[in-house]
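Participant: The following feature annotations were taken from Swiss-Prot:
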type     : residues    : note
DOMAIN   : 2-114       : domain 'Thioredoxin'
SITE     : Asp33       : site 'Deprotonates C-terminal active site Cys'
ACT_SITE : Cys39       : active site, nucleophile
DISULFID : Cys39-Cys42 : disulfide bond
SITE     : Gly40       : site 'Contributes to redox potential value'
SITE     : Pro41       : site 'Contributes to redox potential value'
ACT_SITE : Cys42       : active site, nucleophile
Amino acid sequence: MLKRCNFKNQVKYFQSDFEQLIRQHPEKIIILDFYATWCGPCKAIAPLYKELATTHKGIIFCKVDVDEAEDLCSKYDVKMMPTFIFTKNGDAIEALEGCVEDELRQKVLEHVSAQ
């Protein structure tokens with residue numbers, strides 16, 4: 001399942017699929033956080049992801065439960081959790097694997113400054 005982070009209202013579930021989200025925002029960076037509810041490192045980095053989503057409104061932050069979204073995991077070749085895929089118009093332009101807080105923060109800042 002794809003969840004778009006809307007931290008004012010916590011998490012907003014999309015009824016539509018990822019392709020519709022891309023069509024609605026073709027020029028925006030969309031960051032996909034591939035996580036699992038049982039994953040310790042995913043839980044550890046979740047507060048930072050929430051902080052980044054709250055701070056950087058020009059980027060769309062989504063969470064993808066790997067146990068419910070095998071199609072997206074396959075599309076983006078996700079092999080571990082957490083994995084962060086930065087996309088533009090549906091194409092992966094950057095990927096980070098693991099609980100890499102400093103790298104995640106740096107990549108988000110790079111993409112914000114490039115907009």
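Placed from the backbone N, Cα and C atoms, the Cβ positions cover glycine too.
Neighbours and distances for these, please.
Facilitator: Across the domain 'Thioredoxin' (2-114), the prediction's mean pLDDT works out to 86.
There are 25 other Cβ atoms within 10 Å of the Cβ belonging to Asp33 (site 'Deprotonates C-terminal active site Cys'). DSSP gives Asp33 (site 'Deprotonates C-terminal active site Cys') a strand state.
Cβ neighbours of Cys39 (active site, nucleophile) (same chain, under 8 Å, six or more residues apart in sequence): Met81, Pro82.
Long-range Cβ neighbours of Cys42 (disulfide bond) (same chain, at least 6 residues apart, Cβ-Cβ under 8 Å): Asp33, Tyr35, Ala36, Met81, Pro82, Cys99.
Around Gly40 (site 'Contributes to redox potential value'), taking its Cβ as the centre, 9 other Cβ atoms fall within 10 Å, counting all chains.
Within the same chain, the residues at least 6 positions away from Pro41 (site 'Contributes to redox potential value') whose Cβ sits under 8 Å from its Cβ are Met81, Pro82, Gly98, Cys99, listed in sequence order.
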Participant: Across the domain 'Thioredoxin' (2-114), what are the DSSP residue counts per state (helix, strand, coil)?
Facilitator: 43 helix, 33 strand, 37 coil
